[in-house]
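Below: the structure, in structure tokens.
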Amino acid sequence: MKGIPDQHFVEDQSFDLEDWLPITASRNANWYYSAFHNVTAIVGAGVLGLPYAMSELGWGPGVVVLILSWVITLYTLWQMIEMHEMFEGRRFDRYHELGQAAFGKKLGLYIIVPLQLLVEISVCIVYMVTGGKSLKNVHDLAVGDDKCTKIRIQHFIMIFASSQFVLSLLKNFNSISGVSLVAAVMSVSYSTIAWVASLRKGATTGSVEYGYKKRTTSVPLDFLSALGEMAFAYAGHNVVLEIQATIPSTPENPSKRPMWKGAVVAYIIVAFCYFPVALVGFQTFGNNVEENILESLTKPKALVIVANMFVVIHLLGSYQVYAMPVFDMIESVMIKKWHFSPTRVLRFTIRWTFVAATMGIAVGLPYYSALLSFFGGFVFAPTTYFIPCIMWLILKKPKRFSLSWCINWFCIILGLVLMIIAPIGGLAKLIYHIQKGTLPNSKCKLPKH
């Protein structure tokens with residue numbers, strides 16, 4: 001497999017690597033592919049943690065951050081879509097290719113590739129944890145959780161991961177369209193169940209406290225970690241160019257038109273999922289809400305079990321949406337730089353190794369909220385909030401002090417502040433839980449290895 005490619009590969013001069021790689025192998029998508037892929041990419045683990053983030057921020061700051069994040073990320077998503085083919089006859093099918101156009105061939109790779117890989121790998125790790133937690137919630141609700149059972153969350157994470165070994169065999173982005181569509185429907189379904197069940201419970205709930213509550217080391221650090229949790233909720237930018245790459249494009253009908261149409265539909269759905277869950281969930285449970293809103297809900301039992309299963313089904317597809325660009329990047333390097341032959345053995349080896357690695361990290365660090373806040377601030381803020389704006393200023397060159405120039409600099413400054421302060425709270429929370437040796441909101445001690 002390694003070394004000189006096989007004879008067929010050498011002699012077939014018509015072979016185009018872009019037709020084999022998972023991102024560009026198929027370009028027959030349309031606007032509704034854009035819609036459900038973006039919903040699957042954006043609405044994920046983050047939505048279930050929004051009420052908890054609201055409880056750490058408080059009503060005023062929480063609502064401001066929630067709305068401002070939605071507006072800013074919709075704007076930067078539009079920028080990414082516009083820049084996808086801003087030069088005639090050329091498409092930037094991957095985030096790092098656009099970065100190279102803006103920052104230079106080498107510097108663009110050094111800036112974008114590490115950040116994008118960290119984002120996509122961190123999302124896959126968090127989805128492993130969330131999938132495991134949701135499966136455990138189903139188990140606990142079905143059989144009761146009065147006592148710590150012998151089945152730990154780590155076992156549920158491995159059960160969830162087993163399905164990813166199978167789904168990772170799907171060869172390209174469009175081949176996971178069916179999985180992604182089902183995942184998008186599931187995300188709307190469990191979000192709706194979460195806020196409707198919370199609203200129903202709120203009618204019977206007594207007094208609720210909304211003041212700041214120390215959860216880890218200090219209230220200010222909890223506040224900072226909540227900013228990262230909010231940032232994690234908007235992660236779709238890291239795969240938006242890859243999604244757009246699956247849409248055909250001509251000078252008469254550029255891909256940005258159906259892509260933007262789908263993105264607008266997706267963001268309307270995102271608002272329908274995020275705002276009610278965050279506001280109704282916090283209104284109902286106040287500062288006693290759990291990290292995952294579904295953990296605060298126990299009745300109606302059957303409906304909450306169904307909601308948790310919907311989360312699992314959604315994460316099956318969402319994991320693949322974020323893993324596919326990683327597969328694309330690694331497969332490209334293995335073939336172009338290290339001269340491996342483009343075979344199924346290579347593809348399966350890369351993908352199964354990735355799934356096993358993310359599973360292993362998730363089993364070792366099953367801390368949902370801490371992972372959200374740390375990764376959300378450290379890697380999501382740059383790729384979502386301000387790097388698109390920097391590239392826009394470099395490539396589009398808006399007039400100094402014009403409205404576009406001012407908006408972009410506002411987003412850049414805000415994103416930089418978020419990147420600096422949010423990981424502090426997330427890291428403090430992660431260290432706190434590791435030192436305590438317990439899973440958040442659980443009486444069970446972590447197993448000793």
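From the backbone N, Cα and C atoms, a Cβ is placed for every residue, glycine too.
Curation does not apply to TrEMBL; its annotations are automatic.
Among the features that TrEMBL reports, domain 'Amino acid transporter transmembrane' is placed at 28-425.
What TrEMBL records for 31-50 (among others) is transmembrane segment.
If you look up TrEMBL, you'll see 57-78 (among others) marked as transmembrane segment. Sequence-distant contacts of the transmembrane segment (57-78) (same chain, at least 6 residues past either end, Cβ-Cβ under 8 Å): 50, 210-212, 223, 226-227, 230-231, 233-234, 236-237, 240, 260, 263, 267, 270-271, 274-275, 278-279, 282, 384-385, 388-389, 407, 411, 414.
The annotation transmembrane segment is assigned in TrEMBL to 107-130 (among others). Listed by sequence, the residues of this chain that lie at least six past the ends of the transmembrane segment (107-130) yet keep a Cβ under 8 A from its Cβ atoms are 44-45, 48, 95-96, 98-101, 157, 160-161, 232, 235, 238-239, 292, 311, 315, 318-319, 322-323, 325-326, 329, 354, 358-359, 361-362, 365-368, 371-372, 375, 378-380, 382-383, 387.
The transmembrane segment feature in TrEMBL is assigned to 151-170 (among others).
Residues annotated as transmembrane segment in TrEMBL: 176-197 (among others).
TrEMBL lists 264-282 (among others) with the feature transmembrane segment. With a threshold of 8 Å between CB atoms, the same-chain residues lying at least 6 positions outside the transmembrane segment (264-282) that come near it are 31-32, 34-36, 38-39, 42-43, 47-48, 50-51, 53-55, 59, 62-63, 66, 70, 74, 77, 184, 187-188, 191-192, 194-195, 198-199, 202, 210, 233, 236, 289, 293, 296.
TrEMBL lists 302-327 (among others) with the feature transmembrane segment.
The transmembrane segment feature in TrEMBL is assigned to 348-368 (among others).
Here the transmembrane segment (374-395) has Cβ contacts under 8 Å with residues 46, 72-73, 76-77, 79-80, 83, 86, 95, 98-99, 101-103, 111-112, 115-116, 118-119, 122-123, 126, 224-225, 227-235, 237-238, 404-405, 408-409, 411-416, 418-419, 421-427, 429-430 of the same chain, all six or more residues outside its ends. Per TrEMBL, transmembrane segment is recorded for 374-395 (among others).
As annotated by TrEMBL, transmembrane segment applies to 407-432 (among others).
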Stretch of maximal Cβ-Cβ contact with the transmembrane segment (31-50) [cut-off: under 8 Å; candidates 151-170, 176-197, 302-327, 348-368, 407-432]: 176-197
Same-chain residue ranges lying at least 6 outside the transmembrane segment (302-327) that approach it to Cβ under 8 Å: 22-23, 37, 40-41, 43-45, 48, 94-95, 116-117, 119-121, 123-124, 127-128, 130-131, 134-135, 137-138, 141-142, 160, 163-164, 167-168, 170, 172-173, 176, 179-184, 186-187, 189-190, 193-194, 197, 235, 238-239, 242, 294, 347, 350-351, 354-355
